[in-house]
Amino acid sequence: MKKTALALLALLVSSASLAATPWQKITHPVPGSAQSIGGFSNGCIVGADTLPVQSEHYQVMRTDQRRYFGHPDLVMFIQRLSTQVSNLGFGTVLIGDMGMPAGGRFNGGHASHQTGLDVDIFLQLPKTRWTQAQLLRPQAIDLVSRDGKHVVPSLWKPEISSLIKLAAEDNDVTRIFVNPAIKQQLCLDAGTDRDWLRKVRPWFQHRAHMHVRLRCPADSLECEDQPLPPPGDGCGAELQSWFEPPEPGTTKPEKKTPPPLPPSCQALLDEHVL
């Protein structure tokens, strides 16, 4: 009985944590000129574009989740990158989550992806296009060793390094988040051409995909950009600190209460949902 009660409690907690946010009730982009509003982890978007799900250069995964919306700059970046990759003969780019029709907070899985300027891209480039069944239930390839200290040599391919480099060299890209072990391998692969590495930032998880973030568009006056990454290639002490064990007594930070929405985002919710 106790086990059953605990199981039911866990299910209720899980269900509550995955309850739909108000943003998920907005099923179509909000009309208007494209405006990314607020910060990447606390914002929204007006006038989002829909990424076409049919393309000869890329494929969109989990279309049933309807997370293929973003600022026109993001849509153009995806089209630009995937065309470059295709022209080089690397394979098909696999597109994961972008944002919801009006951006905003997800019910789980992402803290950012709220202003239409973020996209997840799988770090695999299949030569054969995936079936619809594969796209709906994609199988990620974990490129990082079990101990988290390096990539798996048999899984790492030069095309993956080139994919990340191509994305980082795009003028609209401000950051790319990957696992520290992947960043470490990129540092080893880069040779003397290293300027692009500054944009590639180590982050938790991200073992099978890269998270690409664009800068705020010039005409999105309420968009909040992050500071630029520190100068340099980021391959030194900062990167190595990710592989050091936590200091004794270190505890996980408590989950923070989400900050208030930017006024324009709250007004958008008030008009379209609440």
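Note: Cβ is positioned from N, Cα and C throughout, glycine not excepted.
Source: prediction; values computed, not measured.
Database features (Swiss-Prot):
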type	residues	note
SIGNAL	1-19	signal peptide
DISULFID	Cys44-Cys265	disulfide bond
BINDING	His110, His113, Asp120, His211	Zn(2+) 1 binding site
DISULFID	Cys187-Cys235	disulfide bond
DISULFID	Cys216-Cys223	disulfide bond
REGION	225-274	region 'Disordered'
Spatially closest candidate among His110, His113, Asp120, His211, the listed binding-site residues, to Cys265 (disulfide bond) (Cα to Cα): His113
Residues of the region 'Disordered' (225-274) by DSSP state, where helix covers H, G and I: 17 helix, 0 strand, 33 coil
Those disulfide-bonded residues of Cys44, Cys187, Cys223 having Cα within 10 angstroms of His113 (Zn(2+) 1 binding site): Cys44
Integer Cα-Cα distance in angstrom, Cys223 (disulfide bond) to Cys44 (disulfide bond): 9
In sequence order, the disulfide-bonded residues (Cys44, Cys187, Cys216, Cys235) whose C-alpha falls within 10 A of Asp120 (Zn(2+) 1 binding site): none
Cα distance (Å, whole number) from His211 (Zn(2+) 1 binding site) to Cys235 (disulfide bond): 19
Secondary structure at Cys187 (disulfide bond), reduced by DSSP to three states: helix
Winner by Cβ contact number (other Cβ atoms within 10 Å) across the binding-site residues His110, His113, His211: His113
Cys44 (disulfide bond) versus His110 (Zn(2+) 1 binding site) - Cα distance in angstrom: 14
DSSP three-state assignment (helix, strand or coil) for Cys216 (disulfide bond): coil
Shortest C-alpha distance to Cys44 (disulfide bond) - which of the recorded positions Cys187, His211, Cys216: Cys216
Protein Cβ atoms within 10 Å of Cys216 (disulfide bond), excluding its own: 21
